[in-house]
Amino acid sequence: MDKENSDVSAAPADLKISNISVQVVSAQKKLPVRRPPLPGRRLPLPGRRPPQRPIGKAKPKKQSKKKVPFWNVQNKIILFTVFLFILAVIAWTLLWLYISKTESKDAFYFAGMFRITNIEFLPEYRQKESREFLSVSRTVQQVINLVYTTSAFSKFYEQSVVADVSSNNKGGLLVHFWIVFVMPRAKGHIFCEDCVAAILKDSIQTSIINRTSVGSLQGLAVDMDSVVLNAGLRSDYSSTIGSDKGCSQYFYAEHLSLHYPLEISAASGRLMCHFKLVAIVGYLIRLSIKSIQIEADNCVTDSLTIYDSLLPIRSSILYRICEPTRTLMSFVSTNNLMLVTFKSPHIRRLSGIRAYFEVIPEQKCENTVLVKDITGFEGKISSPYYPSYYPPKCKCTWKFQTSLSTLGIALKFYNYSITKKSMKGCEHGWWEINEHMYCGSYMDHQTIFRVPSPLVHIQLQCSSRLSDKPLLAEYGSYNISQPCPVGSFRCSSGLCVPQAQRCDGVNDCFDESDELFCVSPQPACNTSSFRQHGPLICDGFRDCENGRDEQNCTQSIPCNNRTFKCGNDICFRKQNAKCDGTVDCPDGSDEEGCTCSRSSSALHRIIGGTDTLEGGWPWQVSLHFVGSAYCGASVISREWLLSAAHCFHGNRLSDPTPWTAHLGMYVQGNAKFVSPVRRIVVHEYYNSQTFDYDIALLQLSIAWPETLKQLIQPICIPPTGQRVRSGEKCWVTGWGRRHEADNKGSLVLQQAEVELIDQTLCVSTYGIITSRMLCAGIMSGKRDACKGDSGGPLSCRRKSDGKWILTGIVSWGHGSGRPNFPGVYTRVSNFVPWIHKYVPSLL
């Protein structure tokens, strides 16, 4: 036994319990905590006591923490900061909710209509306070609500309102309604008109077995073909539904022989009028307009619009008038109802309308005619409801027959032409004549169309989206083997003119076909008969060496279509007397108002180059659409420009609001004067497929100041029927592309010298050249106008006085600068009377 054990066993035997003092302590504080051994540490063997900590010094006691009060300064600052943060979050949230509800949401209005076939019309439906009207309105509104509250636009749908319930010529009820959506402005771009209309149309369940257009819309029998839904204006919604009904009136007409007047006028304030016209079932409405007094601004503010419905639905527009007129015009509906809206929100002078409407029966446009056996015209055919504008979707059928196989049928039109139909379709009616397709187009002269057959079937299908101009033609028979009389020339227009008028320098055929493929006559300068060569006499060009062809040109002679007429009705032979710098008329009228191109000596050129110098072409204008250069134009007065009609073709481009004119500009973006465009006047006969009548006038909102006359000047308008000679040098200018393959236009104004091309060569190259066009360029293809130059000037300098003449307007061509394909320009001299109609100050 070791020493330690021996000491314990050797305890005194007299030891008593009373001698032992016991100290009780907390076991939790004093007892050692049993912890697992650390890695690598050996546990004590069983039966062996663990080593004891030496008992020498007692462990010092921990000092107890001092209790700190909760509401001290530091905690108060923290709590106050948290409170301010929470308050700021709440304020920003409320502000965001307010803005999102008030400023960031827009209302979208849609006007529509459809026909319910299983409900018969009752007279009580005309009274909007009647139980019958309220009942059917409630039913329709519930159906529309169900359609859109279960659609993808459900969270944006606001309400639907039935505006009118009317009869119609197809039976049942024709319901007109508004649908209103409200959505955040940021999402407005995804809200499409076609999407809204598709939801309504797709909700109509049609039967495949019955193959009918009538289907079920939540229990309503709706004609699918009658469904129309277009985006509308808030002002139209307010004036037809809301409290701002203005001068809205409802007319129900049931007497055929009466004229129901529509007259309203005001000298100040505003006019926002809606006239709802309804006729008895089975009849149509004809509106006749005597006069309109409005501000001419392309219907931006003032307008008169005629609808084939009782709500202002865009796709049901029959016609829109944007200019004042005193010429009688009449329009016919396709159903027994019509809406006429007159708007003049800012009346500066007297505005108003004088018109009347009447109830007329439907007409069938068909006839069978047995033509006489003698040649000549004997009767007339016309468009439906002539002389009214004929409605869209009309159809006419005529059958002509002659008893002789040697005779064919001829149609003589007064302002219309029929040509072979192309792949592009027809804008003003398509014709099927003996199973051949043709297109119709309007023009300002007569044409004759011949069918070499004794039996002719003709069908006219009205293809215009709007009501179109009245159409009148004479019919008769002709000799198939000899269409024109002996001694006559047959024009490409179908007309017959005396052979003596061929190649006489006068456009007798109206299409210049009598002046093509002519050998230029040489004047007999040394004989007394040289006066018979009219085109070469007094034309401003010296054809005789002795100048005899240009002598005695201002001697008074009887007036004809080749003479110049002074203000006092005196005529002489001089062809281009207007504004040539020489006073030829006794009253000086030939030089009145000639302020164009006054500073020609100040013009600088870089011959052979491409860039111009600043002020080089002071009549050149850059037209910007929505801020970007789009077309060119020419200054012809202080507030009028001349350009090409194709620059403004279409609904968006014809609106003057997005257009601005940049004058006195050399580098794009550095114009000396910029003005919004107030008005765009496109020629009424413009043909977007052939580019015929490709001319337009633009009126500036602000006239350019006289202080800029060194950098901005009008170019001279040519005299009516001005003759030009092939090979004459002219200049085409613009900011268009330098090459056909370029992606963008030039920043610096470009110029190119071109030659006028012989009209016969021009027609031979393109084939579809009219007398209102001319060709210019270089046949090698080195110089030409290009994309972006459209509407810009073709400027030619007159030798007699050095003034610059606006000979042409950049119109079209085959590519740009291609060999053997010169550019095609609008011949301005053919439109001088049309220009004077709108700009009389140039007279």
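Even glycines carry a Cβ here, placed using N, Cα and C.
Of the listed cysteines CYS484, CYS518, CYS525, CYS538, Swiss-Prot assigns the disulfide bond with CYS503 to CYS518. Swiss-Prot lists a disulfide bond between CYS396 and one candidate from CYS365, CYS394, CYS426; that candidate is CYS365.
CYS585 is paired in Swiss-Prot with CYS566, the candidate among CYS544, CYS553, CYS559, CYS566 named as its disulfide partner. Among the candidates CYS462, CYS484, CYS509, the disulfide partner that Swiss-Prot records for CYS491 is CYS509. When the neighbouring Cβ atoms lying within 10 Å are counted for each of the disulfide-bonded residues (CYS503, CYS544, CYS585, CYS631), the highest count belongs to CYS631. In this structure, the C-alpha atom of CYS496 (disulfide bond) lies 8 angstrom from that of CYS509 (disulfide bond). Model confidence over the domain 'SEA' (106-234) stands at 92, taken as the mean pLDDT rounded to a whole number.
When the disulfide-bonded residues CYS396, CYS518 are scored by other C-beta atoms within 10 Å, CYS396 scores highest. Comparing the disulfide-bonded residues CYS247, CYS496 by how many other C-beta atoms lie within 10 angstroms of each C-beta, the top residue is CYS496.
Rounded to a whole value, the Cα-Cα separation of CYS491 (disulfide bond) and CYS484 (disulfide bond) is 10 Å. A contact between the domain 'Peptidase S1' (606-840) and the domain 'SEA' (106-234) is absent, since fewer than 3 of their C-beta pairs, 6 or more residues apart, lie under 8 Å. The Cβ of CYS484 (disulfide bond) has 18 neighbouring Cβ atoms from other residues within 10 Å, across all protein chains displayed.
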